[in-house]
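As recorded in Swiss-Prot:
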- 232-283: compositional bias 'Basic and acidic residues' (COMPBIAS)
- SER15: phosphoserine (MOD_RES)
- SER17: phosphoserine (MOD_RES)
- TYR147: phosphotyrosine (MOD_RES)
- THR253: phosphothreonine (MOD_RES)
- SER261: phosphoserine (MOD_RES)
- 1-30: region 'Disordered' (REGION)
- 5-58: region 'Interaction with SNRNP200' (REGION)
- 85-111: region 'Disordered' (REGION)
- 232-289: region 'Disordered' (REGION)
Amino acid sequence: MRITGKTFRRRRADSESEEDEQESEEVRLKLEETREVQNLRKRPNGVSAAALLVGEKVQEETTLVDDPFQMATGGMVDMKKLKERGKDKVSEEEDLHLGTSFSAETNRRDEDADMMKYIETELKKRKGIVEQEEQKAKPKNAEDCLYELPENIRVSSAKKTEEMLSNQMLSGIPEVDLGIDAKIKNIISTEDAKARLLAEQQNKKKDSETSFVPTNMAVNYVQHNRFYHEELNAPIRRNKEEPKARPLRVGDTEKPEPERSPPNRKRPANEKATDDYHYEKFKKMNRRY
């Protein structure tokens, strides 16, 4: 009898190597992401002590400007170099113009540059270089003094610079998203404030209205004369009284004739002329107000 062993599935070497490669790639990607996050969290470096000790390197062009005719080295001048130097300056000016316009559009301020400028000015003051520069200034002519403005007329630009600095500092601060909950709370608070204002305005209107002062003065007080005058061309209407019939008696053969009022009849006390009636009506209308 031949004993057969059980067959088990075995992983191939290729599949194991592929899995190892995938795991290594995942680990590498995670490490790169963490490095990028760390680089973003890094604070920018300020002014280093080594840069302050070494100082700025003076370029050759600045030395040429200080001694353009090379009097210290014998007075030999190379005209080709002078022409090339002028061409380079034009290109540098264009580049500088583009850079300044871009920095003005971003509205951000380089704090390190301001710090370096402040340190340089303070060092010059301590060394006494500023006093020498002030002495180098040319004396002004009498005509130049005429164009100068007195101090009381000069407009101080300190306020403008302070406003510019504050705007630049605020533009550099990144905005933080507070979330949806904060926005919803702000909306609810604004709606409540609107409702309060509307309620206050309505209450003020109700308090201002009183029975003594009418709301519409024109309706209550304007009385036009056309309501008091009678129509001129209107036909005159008179109430004609029908004649009263005489009572019949026994033995009367003729028809009873209507009674005629005597010519000089006295009027009762209730009867008045139309002028008196309108006059009394006018007086009553004015008494109401």
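Positions of Cβ are set from backbone N, Cα and C atoms, glycine also.
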Review point. What's the CA-CA gap between TYR147 (phosphotyrosine) and SER17 (phosphoserine) in angstrom, rounded?
Key: 87
Check your understanding: Of all the modified residues given, SER17, TYR147, which residue's CB has the most CB neighbours within 10 A?
Key -> SER17
